[in-house]
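Sharing a structure below in structure tokens format, with a few things to ask.
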Amino acid sequence: MNIYRTHLCDQLRKEHINQEVTLSGWIYRKRDHGKIIFVDLRDHYGITQLVFNEADNQNFQLITHLRLESVITVKGIVVARDSSTINTAVSTGFIEVVVKHVIIEGEADPLPLNITSTQDYPEEIRLKYRFLDLRRDKVKNNIILRSKIISELRKSMEAMGFIEIQTPILTSSSPEGARDYLVPSRIHHGKFYALPQAPQLFKQILMVSGFDKYFQIAPCFRDEDARSDRSPGEFYQLDIEMSFVSQEDVFNVIEPVLLNVFSKFSNKTIDKEFPRISYHDAMLHYGSDKPDLRNPLIIQDVTEIFRDSQFNIFNSNIKQGMVVRAIPAPNTATNPRSFFDNKIEFAKTLGAQGLGYITFNDDFSAKGPIAKFLDEERLNRIKSICNLQPGDSVFFVSETEDKATELAGEVRTLLGKELNLIEKDTFRFCWIIDFPYFKYDKKEKSINFFHNPFSMPQGGLEALNNQNPLDILAYQYDIVCNGIEISSGAIRNHKLDIMYKAFSIAGYTKEMVDQKFNSLTRAFKFGAPPHGGIAPGIDRMVMLLADATNIREVICFPLNQSGEDLLMSAPSEIDKEHLKLLSLSITKKS
């Protein structure tokens, strides 16, 4: 028999009346009614109301002086509540326990934060006292939700014949794009392990090893700055790799997995379509490769409409190689001047020269600072391409292509929010496909990989030999949900001749590739199957399903914005003897 409890704090019902029970938990609330003190006892599962009577002086005095969140074990008799005190909001609301004996298991100091409060305490307090923060319902429920989601993901993968395999945590430095966390070797002086940014090479080698379908709930470590949707330090992903698959095969595997999880753990409407949007179209029409499809606004390129027009500012920009992008604003033609001025000021804060705009009256006649410079034919083309209606307005950005893309995307997002256009209680997924294989680094004045160097170029070796590298597309893909990238993946480059050629375009010799990726090139010499994979982010999925605004709300022990663990006081200094053992010394920053 368990000496601490006969029942959990959510289990007692009317049928337990007159039974003696033992309960353990935390003092959640106390209500002093003079000769009676009511205590809400909380454990992981629920709450039971305890009754302490003044007649039982010893127990009464003890509970009087105990602080909230102290841990106690009680023995008592289950009784029916008075009809006036029945609480249907809790499962045990028809009964209470009259306490006959109490043991203090752990006394609490004064609390730095109130467990019962929904107050938004400073992050410094919450993370330093995370063990208290995790007792709060909202945070606790997020962690429970995370556990259930991971369990469901495992079930889905196993049902499809995937094998869960753990890959090493100590490995070599990788080229994923972020900075590595390095671990010095005690035995091999001057050498370092790296914590994996992703199990990329290992999972590809597993395919070469003959495993057909692999997955794991993989920890990934990247020395990156924090964002609302990115936790510094570490994150977890559902890492997947499959042999003998095309891009479409990967899509067909992961779509039902995501739909199952999102439908099971949310009451929101889920659009079951996963539209395919090319990277080019995403940047053009949404101003982002992470488009939020709940926002119906579509950006259009109107450069040719303004070319050789009487509006000299845009016309001059176009002659210098700039572009013009249009962002519609439905039902805003009668908005006050301040509405338009605010958008112009917003664009300027982002580095824009400004914004142009045209408003269309109910008779579809055009007004605004630009309208008088455009003939009827050009105005009609704008109406048509932007799908405008009487009473609408349209904003214009004219900048270099990259800058115009960024600005138009920001204006689109702002308008979607201000005009209340973003769908509520909906999840909208999409695939972003056809990423560029290479990019031009203006700073280094060289060609480099756009994203994943291990992906297969569309067109294979022939494309690498004959096409402009900047025109080559990759078999790379992202899944985006409500403007948040939750997964990226690729069909891998499994042929050494294609790999060597691709890396040579990015400035790597064959010898450099063999040295940097020795394990992979060595494996590929012994029969590598076509393979591909994807890796949805667990943290971001939970964040979406929990309706959290910050990813740290769904991580049990997160680092703060500065990459510090306030609970464990990490990172910390290491004593000189330990440094000496690792052949390390600390140089002061100048």
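Each residue's number is its place along the chain shown, starting with 1.
Here the Cβ of each residue, glycine as well, is placed from N, Cα and C on the backbone.
According to Swiss-Prot, the feature site 'Important for tRNA non-discrimination' maps to HIS33, an assignment based on sequence analysis. Marked as L-aspartate binding site by Swiss-Prot on the basis of sequence analysis: GLU176, ARG222, HIS451, ARG492. Taken from Swiss-Prot, the feature region 'Aspartate' applies to 200-203, supported by sequence analysis. Under the heading ATP binding site, Swiss-Prot lists ARG222, ASP223, GLU224, GLU485, GLY537, ILE538, ASP539, ARG540, citing sequence analysis as support.
Please go over these features one by one and say how buried each is and what sits next to it.
Counting only same-chain residues at least 6 apart in sequence, none has a Cβ under 8 Å from the Cβ of HIS33 (site 'Important for tRNA non-discrimination').
Taking all protein chains in view, 19 other C-beta atoms sit within 10 angstroms of the C-beta of HIS451 (L-aspartate binding site).
For the region 'Aspartate' (200-203), same-chain residues at least 6 beyond its ends with a Cβ under 8 Å from one of its own Cβ atoms are 167-168, 171, 174, 176, 214, 239, 241, 454, 517, 519-520, 533.
Other C-beta atoms found within 10 angstroms of the C-beta of ARG222 (L-aspartate binding site) number 20, with every protein chain shown included.
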Using the alpha carbons only, what distance in Å do you get between ASP223 (ATP binding site) and ARG492 (L-aspartate binding site) once rounded?
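Cα of ASP223 (ATP binding site) to Cα of ARG492 (L-aspartate binding site) measures 25 Å after rounding.
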Enter the number of other CB atoms within 10 angstroms of the CB of GLY537 (ATP binding site).
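Cβ-Cβ neighbours of GLY537 (ATP binding site) within 10 Å number 23.
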Taking only same-chain residues 6+ apart in sequence, whose CB is under 8 Å from that of ASP539 (ATP binding site), what do you get?
SER231, PHE235, TYR236, ILE551, VAL554, ILE555
What is the maximum Cα to Cα distance, in Å and rounded to a whole number, among the residues ARG222, ASP223, GLU224, GLU485, GLY537, ILE538, ASP539, ARG540 annotated as binding ATP?
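Across ARG222, ASP223, GLU224, GLU485, GLY537, ILE538, ASP539, ARG540, the widest Cα separation comes out at 19 Å.
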Within the region 'Aspartate' (200-203) only, compute the mean pLDDT.
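In the predicted model, the region 'Aspartate' (200-203) has a mean pLDDT of 96.
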